[in-house]
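The structure appears below as structure tokens.
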Amino acid sequence: MMTTIYDSHTHLNDDVFYNDIPAYLARAHHYDVREMNIVGSDTKLNQRALELAKTYEGLHAVIGWHPEEVLQATQEQLDLLAQQLTDPTVVAVGEIGLDYYWDQTHQREQQALLAAQIELANQFKLPIVVHTREALAETYEFLKSHPVMAGGVIHSFSGDWAWAKRFLALGFDLSFSGVASFHKATELHAVAQRVPADRFFVETDAPYLTPMPYRGKQNEPGFTNLVAQAVAELRQTDLATIAELTTTNARRLFCKEVDNAKD
């Protein structure tokens, strides 16, 4: 049986990849990365995500407005997003959330944008892909008070086990990026070891967060296998097991697949 690894969060629509897509996909396939969520963050990247998902087998579109783009996310843009969410290649709304790392002056606007996109997700019965940076507690409280009908995932989760349990209890899965391979990320290692087998994914967030041993270089979807290998070592299992688990988990959330083994 062919191994498939599912990169649950990548930016193959980014300028650094966009003119050489076939080569990056070929490299990804070489490392058994055969499914990917192409994640948007603004009008241009959302449109590219849709185009890639329509063009290449195994690619799915995740579209939405990143909190850092809050000042460009006009009502007109949200109306366009609502139209785009009807596209059958769309599997989630994202990446959306709260980011107080660079900009702490537009917190209300970020919260309003997040609320509007959760409303769209509920309208279209789609899960959400959550971005949170320097705002973990605020994101948790916001999601607690703004329920998402179809659930979602905390992308590139970076909190400790106490926070992991809170988000899991809200119905959100966790996704591990290359950070899980970093030697000093001990709190995250504990989360990867303890999270239930049916509640986590792997991702690259390429071109960012490159896993070891290539940290500091440009990331790419093919490196999802390195993230999966790091998680496998933390959970004292093998790569094939993590590949199967995380692909099944991602398909269940994003592709509405049911785990037949549980029927």
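Cβ from N, Cα, C; glycine included.
Annotated in TrEMBL:
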BINDING   HIS9, HIS11, GLU95, ASP205  divalent metal cation 1 binding site
BINDING   HIS131, HIS155  divalent metal cation 2 binding site
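Sequence features, as recorded in TrEMBL, placed on the structure.
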residue : record                               : Cβ neighbours (10 Å)
HIS9    : divalent metal cation 1 binding site : 29
HIS11   : divalent metal cation 1 binding site : 25
GLU95   : divalent metal cation 1 binding site : 28
HIS131  : divalent metal cation 2 binding site : 25
HIS155  : divalent metal cation 2 binding site : 28
ASP205  : divalent metal cation 1 binding site : 23
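Residue pair ASP205 (divalent metal cation 1 binding site) / HIS155 (divalent metal cation 2 binding site) shows a Cα separation of 9 Å. The divalent metal cation 1 site, placed at the center of the C-beta atoms of HIS9, HIS11, GLU95, ASP205, has further neighbours from the same chain whose C-beta lies within 8 angstroms: THR10, ASN37, VAL39, VAL129, HIS131, HIS155, SER156, GLU203, THR204, ALA206, TYR208.
Straight-line distance linking the Cα atoms of HIS131 (divalent metal cation 2 binding site) and GLU95 (divalent metal cation 1 binding site), rounded to a whole number, equals 6 Å.
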